[in-house]
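Working notes, beginning with the structure itself.
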Amino acid sequence: MNKKNNANTTIAFIAIVLGFFMALLDTTIVNITLPNMTEYFNTTVENISWVVNGYNIAFAVLIITASRLADQFGRKKIFIMGIIAFTLSSLLSGLSKSPEMLIFFRVIQGLSAALVVPVTIPLALNIFPPKKHGMVMGMWGAFAGLAAASGPSLGGIITQFLSWRFIFFINIPIGIISVLLTIKYIGESYDSSADRRIDLLGILAISIAVFSLTLALIEANDKGWTSTFIISLLIISLISFILFIIAELKVKSPMLPLSLFRIAPFTCGAIALFLLGLGMMAGAFFLAFFLTQVKGLSELSSGLIISTMALASILSSSISGPLTQKLGGRIFGTVGLALLALSSYLYSTLTQYSTNLDIILRLVVAGLGMGLAMSSIMGSMIRNVPKDKVGMTSGVNNMTRTLGTVLGVAVLLTLFNSSMTSEMSKAKDDAINIIKADTIFNNEAKTAMIGSLNSSKTTSTNSNKPNIDDIIKEINFKENETLKTVPQAMQDKVKQGFEIQKKETKIIFTHIETKFTDHTVAAFSSTFKYGFFILIPGIFFAFFSDKKVDKNLAYKEKEASLG
């Protein structure tokens, strides 16, 4: 009988893992396929980017509300509804005939994922005894890290050998299996202290607040941080957050009990996860661009290299999860954030000459840190709140981490663009000095080359280096025009002179290209360092995300509500 119960518990956990793995995977698997989608639909990058943005906004907006509804009406019910909706929207996303249709169904996917992800932790904890809760959190963190980090490589492989549509179709069998196993092997659970009254004002206020904030962060780099559109969104978000707090303080059945924030480990853990999401984007987001733009790797190769971070994350999360049950989470969370910060600093030392091994070693440090920090901090938050509030706590830590990642991309992209513009300007100055110092070209030729250099754009990619082909074409044109005006006996000498100019042009532009690459590396280096400084305060909050070590860190049964 005991073996049968153990088998049923394992199957139930597999059902949960399949559900949230699928939802988290779709936050990253799509990114690498965007160029293929852009070409297929013959649309712009700006339009197709909403395939990702729509999902992220929908996920962030609904996650707190979904946590509350699950606590009230049943976590199993909400989980099954979410998986069914996610599976259907995956099918329809894969069948989409237009970018607008794809974006619409991706929004449905995001809303569905918000129903799934926050209830997975309370569902999982409910099927295991308290002594195994640390192990459960470790496993949850491991699979979460695997889902997020394996997305780019898996997306690249599927797109290369099949089609971008199959990144959605693979969800269908996973979703069906998850639903069938959930129905048979998972029992229902609720927040016993929650009544059935729905906090409509709270839901509306928090939804508007999160929607406005997330949209502002996503659009800030295109519209400008000081634009009327972005400022208006931020003001709306601030007002909505204030109204939400007022509403939660007055209603009898608040959607989010604000008294949770009186628990220091809960508040410090939420802040630590927010900073973790914000700071880790320096590596998780910008390293992919570094590998493709500076190292010249393909998107698939880049994704495979970055996936090594997932392997390290799985290892550290699996080890730290059970140990936090005995030793507490603060040491693992603190060390994890410190390793993440260290990895971001180590990224800043990468150059165009760095080997793949250099990059992988840094990714291993980041993965170890992510696995330690995420599972430990989330586990600490859950251990320090009443058992009935585990669902809401899961929603809060997922929302804070999600908002952190969105803000991280927005802020770091702004800083990166600023650094890149500055570095490209310096690169042009260096290039002009190289041209002026040349002893082969006359002043007229130098002026033409400098003019061509100044006409090139100084934007945020390494692809905007001056084009040597344009200069060679101009030299060839002048050569042909000159040959028309000189006697036949002089033409070989003229050709020889122009050939010397072409060779010298290639030499000069090799030096110029090196300068542009050096300055591109400097822009990436600055961005990675920003991530390092963002993660430093996260170490402090991670330390206070759990109480002092207690030998009896078994799950604390608390019956009193926080009111």
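Cβ from N, Cα, C; glycine included.
As given in TrEMBL:
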type	residues	note
DOMAIN	12-463	domain 'Major facilitator superfamily (MFS) profile'
TRANSMEM	12-35	transmembrane segment
TRANSMEM	47-66	transmembrane segment
TRANSMEM	78-96	transmembrane segment
TRANSMEM	137-158	transmembrane segment
TRANSMEM	164-186	transmembrane segment
TRANSMEM	198-218	transmembrane segment
TRANSMEM	268-291	transmembrane segment
TRANSMEM	297-315	transmembrane segment
TRANSMEM	327-347	transmembrane segment
TRANSMEM	359-382	transmembrane segment
TRANSMEM	403-420	transmembrane segment
TRANSMEM	527-544	transmembrane segment
In contact by Cβ distance (the transmembrane segment (164-186), the transmembrane segment (78-96); 3 or more pairs under 8 Å): yes
Leading stretch by Cβ pairs under 8 Å, where the reference is the transmembrane segment (12-35) and the options are 268-291, 297-315, 327-347, 359-382, 403-420: 297-315
Of 47-66, 198-218, 297-315, 527-544, whichever stretch has the most CB pairs under 8 A to the transmembrane segment (327-347): 527-544
Contact call for the transmembrane segment (403-420) against the transmembrane segment (198-218), three or more Cβ pairs under 8 Å: yes
Winner by Cβ pairs under 8 Å against the transmembrane segment (137-158), considering only 47-66, 268-291, 359-382: 359-382
Range from 47-66, 164-186, 268-291, 297-315, 359-382 with the greatest count of C-beta pairs under 8 A to the transmembrane segment (198-218): 47-66
Annotated stretches the transmembrane segment (268-291) and the transmembrane segment (297-315) touching (3 or more Cβ pairs under 8 Å): yes
Tertiary contacts of the transmembrane segment (164-186), as residues 6+ beyond its ends and Cβ separation under 8 Å: 8, 11-12, 14-16, 18-19, 21-22, 26, 29-30, 33, 36-37, 40, 76, 79-80, 83-84, 86-87, 90-91, 93-95, 123, 127, 154-155, 158
